[in-house]
Amino acid sequence: MRMRVVLALLLPVLLLLAVFFVVPIITVLAASFDTSDPQRVAGWAAYWKLASDTYYVRVFIQTFVFAIALTVLTLLFGYPIASFIARTSAVERGIVIFLVIAPLLISMVVRSYGWQLILGNSGLVNTVLAAAGLVPVHFMAGWTAVTIASVHVLLPFAVISIAGVLSSLDRSIEESAAVLGASPVKVFFLVTLPMALNGLVTAATFVFLLAMGSFVTIMMLGGRGTMVVPLLIYQQVTITYDQPFASAMAAVLMVVTLGMLFGQFRLLRKRSV
Amino acid sequence: MRKPAHPLLRGYVWVMMVFMALPLVVVIGASFNRGAAIRFPPEGMTLHWYAEVWRNADMVRSATNSLLLAVCATLISFIIGVPAALALVRHVHRHREALQAFLLSPMTVPAIVLGIAFLVFFGWTGMGLSFTTLLIAHVIITVPYVIRSVAGVYLGVAVSIEEAAKVLGADPWQLFTKVTLPLIMPGVVAGGLFSFIMSFDNVPVSIFLTRRETLTLPVYVMSYLVHNFDPTIAAVSSVQVLFTTAAIIVIEKFYGIRRLTETI
């Protein structure tokens with residue numbers, strides 16, 4: 001009887017995921033082998049093109065380096081904010097959490113648009129610079145604008161997950177270390193960091209996955225030089241209508257991402273033993 | 001008593017808070033701009049662009065679509081996600097990790113891959129692009145957030161509380177509504193909030209699955225910005241900021257925004 005109840009609770013979501021998640025993922029793999037249109041690069045030829053054409057190789061590398069760089073930057077900028085949340089007064093904590101969460105609830109498109117108004121050639125920063133008699137800076141269409149806006153998008157996720165990790169730590173251990181004469185730097189590196197590491201890696205994974213899949217900020221603030229795989233996939237589908245090749249790119253992106261996740265999972269396993 | 005935060009840390013945090021608020025302040029400022037070109041600081045005050053939003057039928061419809069979509073996706077995620085999370089934590093013992101990994105797996109696939117996968121799948125099966133297929137795609141994205149938050153909170157709930165209720169004669173429905181649900185409420189609120197955000201703000205999946213009638217707000221705004229550069233977008237975004245702030249105040253009033261960080 002109990003088995004039936006458990007099954008009843010789990011079945012709806014399992015069925016939904018099987019039909020509308022697993023099958024679509026398989027179809028996209030199959031679609032990359034759809035050679036019915038001789039005009040299109042499909043099948044192994046598509047994968048070979050991705051592996052040998054220097055342009056695609058460069059865009060793939062660029063995508064991963066950018067996602068990793070964003071993850072590191074976001075964690076570095078976010079950690080102090082999270083640790084502040086963990087130790088400040090209730091009122092200030094409420095205000096800071098509000099300011100961190102509020103941008104999250106406003107569309108990424110809108111936030112990127114806000115950055116256009118700030119960093120654009122006649123935007124806020126350049127208006128201020130011109131008023132001060134300084135040379136205007138060209139932020140847009142390059143990595144600077146894209147990085148600033150992406151950190152802004154990802155920071156709330158990082159702060160919320162790190163704050164969750166920090167609030168679950170046993171603070172008395174840190175205090176004991178301090179009482180026993182460890183300097184704040186030592187306490188951080190030898191006590192807090194090792195305790196929080198698993199949670200931090202989870203937060204990093206979360207941020208990394210979000211960074212890997214989205215292209216809104218890059219589409220709105222980037223230029224020719226800032227191409228990444230998600231944007232390339234989007235263009236293949238909507239501009240060149242090359243679904244097989246786009247599917248091949250999606251398959252490679254997915255496999256490499258899962259590979260990196262698996263590596264991280266193994267790393268965590270080793271640490272916790 | 002905890003050691004108070006270092007003044008340098010406090011200074012850093014407030015600089016970052018200005019950074020977080022800056023794009024929103026600029027967008028709100030630009031929405032009142034009198035000129036047709038977007039400027040910040042604005043050149044004079046007007047509410048013209050707000051009227052313009054109201055007159056733009058496509059924009060209003062895409063906003064309603066987005067709202068309806070996010071609400072439906074979140075509700076369905078509750079209906080199928082909460083029972084699954086409860087079963088996962090209490091009743092699955094063998095292969096629990098594998099099952100959990102499977103239930104959360106849509107989160108581990110890059111969003112754009114999901115987008116093209118749905119596009120190909122709905123094309124091949126002949127289901128086509130409609131509000132229903134868009135909703136299905138969104139539920140796949142949102143349900144892991146509900147499961148993760150609820151399971152996370154439920155793991156910390158002692159089994160003895162529910163057992164005590166059973167001993168005292170609670171039937172399964174009473175057990176759920178009077179005991180379990182109040183205990184897992186922090187996870188439900190956090191999961192629901194994330195689910196709503198992930199649906200409402202989604203572009204990488206929606207952009208492939210929407211047609212003119214089913215356009216969502218972020219997709220509409222993106223395509224609008226390609227051809228137009230007037231403050232209408234700033235105005236509609238400011239309305240969104242207003243609604244968001246109201247929503248956060250409501251959550252704060254009834255629940256306490258601080259507790260969110262304890263559950264995500």
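Backbone N, Cα and C atoms are what each Cβ position is placed from, and that goes for glycine too.
Because TrEMBL annotations are produced automatically, they should be read as predictions rather than curated entries.
Annotated in TrEMBL:
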- B:12-32: transmembrane segment (TRANSMEM)
- B:67-89: transmembrane segment (TRANSMEM)
- B:101-124: transmembrane segment (TRANSMEM)
- B:136-159: transmembrane segment (TRANSMEM)
- B:179-200: transmembrane segment (TRANSMEM)
- B:232-251: transmembrane segment (TRANSMEM)
Considering the transmembrane segment (B:12-32), which listed stretch of B:67-89, B:101-124, B:136-159, B:179-200, B:232-251 counts the most C-beta pairs under 8 Å: B:232-251
Range from B:101-124, B:136-159, B:179-200 with most C-beta pairs under 8 A to the transmembrane segment (B:67-89): B:136-159
Chain residues in Cβ proximity to the transmembrane segment (B:101-124) (below 8 Å; excluding those fewer than six residues from its ends, i.e. six or more beyond): 84, 88, 133, 137, 140-141, 143-145, 147-148, 202, 204-209
